[in-house]
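Take a look at the structure set out below.
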Amino acid sequence: MMKAEELNKGFVNEIIEAGTPVPGEKEVASLKSCYQCGTCTGSCPSGRRTAYRTRKVIRQALLGIDSVLDSDDIWKCTTCYTCYERCPRDVKVTEIIKTIRNLAAQKGNMAKPHKMTAVYVLKAGHAVPANDDTAKLRKSIGLAEKAPIAQFSQKDMDELRTLAKNLKFDELIGFDWKTMGLKQ
């Protein structure tokens, strides 16, 4: 059981401050309107198949339990926005979860599948890069092996990689430029 002195009394305000530039203060400040009815959890497709409970994440944030930033649960949200649409208090749950994820990532906590998506973008310019199987399938149905919009030009890739380096996104995800993968 947690003790009162272990709670971060300013955590809600940290979340609101972090979310003020994007998605916006109003959206993230809606966190304070949550009265824990559970509509978000009952609506959540991830919650039906995993131990993920949206309401629990929101409750931890409201109580100042900043260890939520270390939790794998925050990465189980699919950002489908069902909770967002169904909340009777108009709490922008998905935007709050994304803001909490951003805080966790800044702290160095990010789910490996999310890091791998970023790796694919830095390697190929696309979160789901074309591979040999995709090329064969496209060819078998009479399409060009490479979709013209699915891959970036070398100039575009250079700009993307420069941007990632300048913003230290590569460091955030632990990207190794030599292996073009995650650092071991």
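Heads up, the Cβ atoms here are built off N, Cα and C, so glycines get one too.
[4Fe-4S] cluster 2 binding, as stated in Swiss-Prot, involves Cys77, Cys80, Cys83; the candidate among Cys37, Cys44 given for that site is Cys44. Of the candidate binding-site residues, Cys77, Cys80, Cys83, the one lying closest to Cys40 ([4Fe-4S] cluster 1 binding site) when CA atoms are compared is Cys83.
Each of the binding-site residues Cys40, Cys44, Cys77, Cys80 was ranked by the number of other C-beta atoms within 10 Å, and first place falls to Cys40. Sequence-distant contacts of the domain '4Fe-4S ferredoxin-type 1' (24-54) (same chain, at least 6 residues past either end, Cβ-Cβ under 8 Å): 12, 15-16, 18, 61-62, 73, 76-78, 80, 82-83, 86-93, 95-97, 99. For the domain '4Fe-4S ferredoxin-type 2' (65-97), the number of residues in each DSSP class (helix H, G, I; strand E, B; coil) is 19 helix, 0 strand, 14 coil.
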